[in-house]
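Some features that Swiss-Prot has for this protein:
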- HIS287: active site, proton acceptor (ACT_SITE)
- HIS330, GLU336, HIS366: Fe cation binding site (BINDING)
- TYR345, HIS366: homogentisate binding site (BINDING)
Amino acid sequence: MNLDSTALAYQSGFGNEFSSEALPGALPVGQNSPQKAPYGLYAELLSGTAFTMARSEARRTWLYRITPSAKHPPFRRLERQIAGAELDAPTPNRLRWDPLALPEQPTDFLDGLLRMAANAPGDKPAGVSIYQYLANRSMERCFYDADGELLLVPQLGRLRLCTELGALQVEPLEIAVIPRGMKFRVELLDGEARGYIAENHGAPLRLPDLGPIGSNGLANPRDFLAPVARYEDSRQPLQLVQKYLGELWACELDHSPLDVVAWHGNNVPYKYDLRRFNTIGTVSFDHPDPSIFTVLTSPTSVHGLANIDFVIFPPRWMVAENTFRPPWFHRNLMNEFMGLIQGAYDAKAGGFVPGGASLHSCMSAHGPDAESCDKAIAADLKPHRIDQTMAFMFETSQVLRPSRAALETPALQNDYDACWASLVSTFNPQRR
């Protein structure tokens, strides 16, 4: 079966023990690795966690495929590597970028990757690397990332992600997650595409605990969608690229690696529509901590300290009384990389536009720009809806080092600090 343009089917849920077969009876019954698998398939295990993890944390999927993944020649290091591979020195300065220009030459998803910042090389199970992607051509090769799990945030253009377990179609205002090591191909449905990626080197992403919020709210498990089995039975030559410790390596296959006919497990790719996020906010006063906007989190061994949080700032009502309503001025232990999918961000009146990005490192002071601050202080505090917007944040506990390419791109705004320069002192000790 080819991965064509027909409508895609999905399975609903987060962390489920899913199962799917593209041919009836392709899944073995009652065991994982029979002496002879149905249809002459090979059984293969893809482990997303160590064997001895607690059952509640374990992730693995059994694949029943036409050709074992082990059948490949040696990988060779590619001459063309990911842009932004070289990290610059850490900087405490606040950074902001205009949208990166779309490529003029034919560029697929892999060639269009630019690493913006990172805090880990990928050789340890911790940290994150952050990328933007810019593409104008569908991939004719396949890819897998041995360094981490990929969280894709499209900003421009729809993507079809053809994975070993089936296909996902994602558009701006949706996200997709591809497990570490899973092979996939990116097809462009609109000719051009731009977006953001968090490469999670740590524990797999999961839903945050809700605490006193209760048993419902934020991103609900039923709204996450996993693919159903679809396979390619092709004997045409194809390049398979892997990312290993930050570098791209490739080999030539004599078949498609997207040849899984059936599978079962919980280590799966999935998508989520950000418009389904159940936003929580104040109905009295003050601005709650932005952790109430967490969609997914990768925890560390320290309870409550995230390796990475994926946070969104969606459309919502602002009703707080006697309150400075924008996100407050802040100095944060965590490191914040922000992007904007559409609309405007309520703490920035200008300069932060869809496709752009910003980086505020540990203890770098930030907050509303002068214009947003003045408007908020003078605002008539009627109920107000922030609409047609979607900003997001990758927040991580380790300091992010920007790449040299990110600091040298013309998209870097050299005057970012100026947005706070016109903040004036209004202090008057004689008047409360």
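Glycine is treated like the rest: Cβ placed from N, Cα and C.
Other residues of the same chain near the Fe cation site, with their Cβ within 8 Å of the Cβ centroid of HIS330, GLU336, HIS366, are PRO327, ARG331, ASN332, HIS360, SER364, ALA365, GLY367.
Cβ neighbours within 10 Å of the residue listed as 'active site, proton acceptor', excluding its own Cβ and spanning all shown chains: 16. Within the same chain, residues at least 6 positions away in sequence whose Cβ sits under 8 Å from that of GLU336 (Fe cation binding site) are SER358, LEU359, HIS360, HIS366, MET393, PHE394, GLU395. DSSP assigns GLU336 (Fe cation binding site) to a strand in the three-state reduction. In this structure, TYR345 (homogentisate binding site) belongs to neither helix nor strand by DSSP; it is coil. In sequence order, PHE313, MET338, PHE352, THR389, ALA391 make up the list of same-chain residues 6 or more apart from TYR345 (homogentisate binding site) whose Cβ falls under 8 Å from its Cβ.
It is HIS330, among the binding-site residues HIS330, HIS366, whose Cβ has the fewest other Cβ atoms within 10 Å in the structure shown.
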